[in-house]
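Structure first, commentary second.
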Amino acid sequence: MNRESCLAADRNDPLAPFRDEFLLPDCVLYFDGNSLGPRPVGALERATTVVADEWGSGLIRSWNDADWFSLPSRLGDKMSHLIGGGDGETVVTDTTTLNIFKTLAAALGIAEKRDPARRVILSERDNFPTDLYITEGLIEFVDRGYELRLIDSPADLAGALGPEVAVVLLSHVNYRTGAMFDLAASTRDIHDAGALVIWDLAHSVGAVPVDLVGADADFAVGCTYKYLNGGPGAPAFLWVHARHHDDFRQPLSGWWGHARPFAMEPSYEPHAGIQRFLCGTQPVVSLSLVECGLDIALRADPVDVRRKSLELSDLFIALVEERCSRHPLTLITPRDPAARGSHVSFRHPEGYAVMQALIARGLIGDYREPEVLRFGITPLYLGHTDVWDAVEILRDVLDSEAWDSPAFRNRAAVT
Ligand SMILES: *Cc1c(COP(=O)(O)O)cnc(C)c1O
């Protein structure tokens with residue numbers, strides 16, 4: 001493999017035209033689209049339309065005329081196509097953190113009706129912290145003797161399932177290592193043990209194929225600002241299998257989830273189906289921009305996306321191990337393609353400083369505790385040559401020890 005063969009591979013890449021759909025500054029190699037996707041070119045025009053026309057001229061009439069009111073479910077139906085859900089099963093709303101709270105409360109309600117003795121919520125110690133924190137908060141708030149139990153690795157899941165487990169909350173792809181659960185097989189194990197499952201798809205959606213109905217999952221949540229390029233802080237999504245739609249209440253019973261929101265009745269009655277997961281007035285500007293990234297993702301063939309993601313990841317791993325072999329880098333992402341998502345992580349004892357030095361050279365990835373250099377592989381706007389160039393920057397920063405400077409050891413508020 002050399003730079004010429006990378007250029008040749010890029011010329012034959014069916015996804016190459018998607019690069020023009022994104023605004024990426026010159027002199028930047030962007031390997032952080034798993035954390036904040038770049039701006040779709042069309043987002044600026046969409047923002048101008050929403051702010052200048054729909055808000056500016058339309059004013060309050062736009063709730064109807066621009067169809068603002070139905071945005072959560074219209075975008076939800078588009079999202080459903082990406083995750084193997086059906087129409088009316090998904091809404092785009094709130095944050096992933098809040099959606100975990102709502103779905104976990106709903107799932108516990110269903111589990112309790114089936115078998116009140118089950119009191120364990122099972123998750124993974126290495127799950128994204130907010131998933132664990134919000135679970136702790138819910139347990140304390142409902143105060144009904146629930147317990148959060150944590151497994152230490154995906155291999156421990158089957159052994160940890162038992163008659164005391166009510167709900168299992170897992171991230172499909174691990175935010176740090178990129179390790180991926182087999183969604184269908186794990187869902188089957190969880191159901192066989194009599195529990196319900198909530199999948200957090202934050203690091204999956206837009207990057208790896210997901211088929212929630214095919215896997216017969218119960219609930220799912222996820223972000224739109226990562227691989228779906230919805231914009232900083234863009235609203236998240238929430239999916240519920242149709243069999244649960246009218247089966248439960250969720251505790252954040254706001255007026256947008258009421259059966260008749262504009263009847264202004266004094267008491268809550270949940271809307272039929274997924275709508276009951278809406279709480280209050282939605283962030284219309286952010287929500288509108290989500291559609292730009294979603295529409296791009298829907299045009300890409302998911303088979304091509306997965307194939308290229310694995311191709312680029314394999315290339316990245318091979319080049320780093322070959323060209324940076326005398327440096328203390330340890331791959332923490334599974335080598336088995338079936339067991340990883342779309343980012344690649346290496347540990348390095350000076351990981352933080354190394355990443356700051358890479359960013360100063362235009363290679364943007366990110367750093368995660370402990371010592372982890374994380375590189376997002378995003379097939380819609382990265383190619384083989386980008387991977388080659390990124391590894392050359394990494395090699396140079398390590399060979400020259402350019403990272404060994406006080407300026408690169410300073411921790412910013414966001415790492
Ligand atoms: C990024 C991420 C989140 C983020 O949640 P927010 O509410 O958007 O801050 C949650 N869970 C996982 C697994 C993530 O990777």
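Glycine too: its Cβ is placed from the backbone N, Cα and C atoms.
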Among THR48, THR49, THR281, indicate the single residue that TrEMBL lists for the pyridoxal 5'-phosphate site containing THR96, THR97, PHE128, PRO129, THR130, ASP131, ASP200, HIS203, TYR225, TRP255. THR281
Among THR96, THR130, THR281, all listed as binding-site residues, which has the most CB atoms within 10 Å of its CB? THR96
In the three-state scheme derived from DSSP, which category covers TYR225 (pyridoxal 5'-phosphate binding site)? coil
